[in-house]
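According to TrEMBL, the protein carries these features:
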type	residues	note
TRANSMEM	6-25	transmembrane segment
TRANSMEM	46-66	transmembrane segment
TRANSMEM	72-92	transmembrane segment
TRANSMEM	104-123	transmembrane segment
TRANSMEM	143-165	transmembrane segment
TRANSMEM	172-200	transmembrane segment
TRANSMEM	212-232	transmembrane segment
TRANSMEM	244-265	transmembrane segment
TRANSMEM	271-291	transmembrane segment
Amino acid sequence: FQDNLIGSLLAIFGHLVISIALNLQKYSHIRLATYKDSRAYFKTKTWWLGLFLVILGETGVFSSYAFAPMSLIVPLSAVSLIASSIIGIIFIKEKWRAKEFLRRYILSFIGCGLAVIGTYLLITFGPNSHEKMTGENIVKHLVSWPFLLYMLVEILAFCFLLYYYKQKNANYMIIILLLVALLGSTTVVTVKALAGMIMVSIQGSMQLGYPIFYIMFVCMVATAIAQASFLAQAFQLYDSALIASINYILSTSLAISAGAVFYIDFRNEDALHLCMFALGCLIAFMGVFFITRSRKKTKPFEPYVAINSMPGVVNMHDHGSTIQPDFGNSFSYGALQSNDSLSEIYMPATLPVVTEEAPSSSPPYKILEHDKND
């Protein structure tokens, strides 16, 4: 339990510091844009302080895997969402009355409370299996038939989802985030192995000479890069708050499954601990969902230009109607969709045709005769 507590505290500290660091870097960008500062963001002290804190937080999270089981450390990433929510409320610039403030952030308060309760249950009833991460033990787990079967199912599922995403253009959020979760489960398995081998090496038994260490390192880097690429594509298509909650739920569930299969985290646990750990995960999931649910949604793109959006223009469209009437839910701009049932008032106007008369035989003007005296 002492090792679990050390690993949990390191993970909580790391995620808290990462959340503060990312908000500092965001503040640096906003400050430059607000004061129209021409300096690059990497020339500000605030941004470099954020980068230092990111490295410090990631080091803490990485070290936590060397002390506690993977299935316990992974769900604690909810701390970063809790911290971001609290930081957003503390540093809010608008002035709200008490009733408006509570109404606006009631879901955030409920979500933070649930996430804290879930985190407490996870730490208290988490798995308590501890094994030295030597090269021999990792290779033994890697070639075990439960993990080989799990990896076969995971590879087939990944290829199936990737085929539909790339070939069938199925850009559904659930497909992209499932790809991210499958890659993330492999990433945390390799992180646990690397952190454990480094810790054993520090204790006196060198493990860096085993080829499995470098294989795990390459797998960690490759899966992390691919995971970041899919996440970037998801953020371009869907709302970031919804992605944060769903990605946390899917990634945590698959990571716990991978830890239970690869490292056999729950081999010595009784039914009570398993049920309370599952309850803690469920409560943490609900808390994260409520936290992200309270965030503002971005306004959708409007495919037309409204006259009333132009200040100082007074005309018949000031009640919010568009320049162009919308027929058939068409998103075309500048031309009406062809429709035979339209009224004649929407038909194109025609200019009158003027026919020219045939020239007469008489001359167009009269010629006067003049003599020499005139």
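Cβ atoms are placed via backbone N, Cα and C, with glycine included.
Quick caveat, the model's predicted, so the values are computed rather than measured.
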**Request:** May I ask you to check whether the transmembrane segment (143-165) and the transmembrane segment (244-265) make contact, with contact taken as at least three Cβ pairs under 8 Å and only pairs 6 or more apart in sequence counted?
**Result:** yes
Among 46-66, 104-123, 172-200, 244-265, 271-291, the most Cβ pairs under 8 Å with the transmembrane segment (72-92) come from 104-123
Across 46-66, 172-200, 244-265, 271-291, the most C-beta pairs under 8 Å with the transmembrane segment (212-232) come from 172-200
Quick tally over 6-25, 46-66, 104-123, 244-265, 271-291 of CB pairs under 8 Å to the transmembrane segment (172-200) gives the top stretch as 244-265
Sequence-distant residues near the transmembrane segment (104-123) by C-beta distance (under 8 Å, 6 or more away from its ends) are 4-5, 8, 12, 72, 75-76, 78-79, 81-82, 85-86, 89, 96, 276-277, 279-294
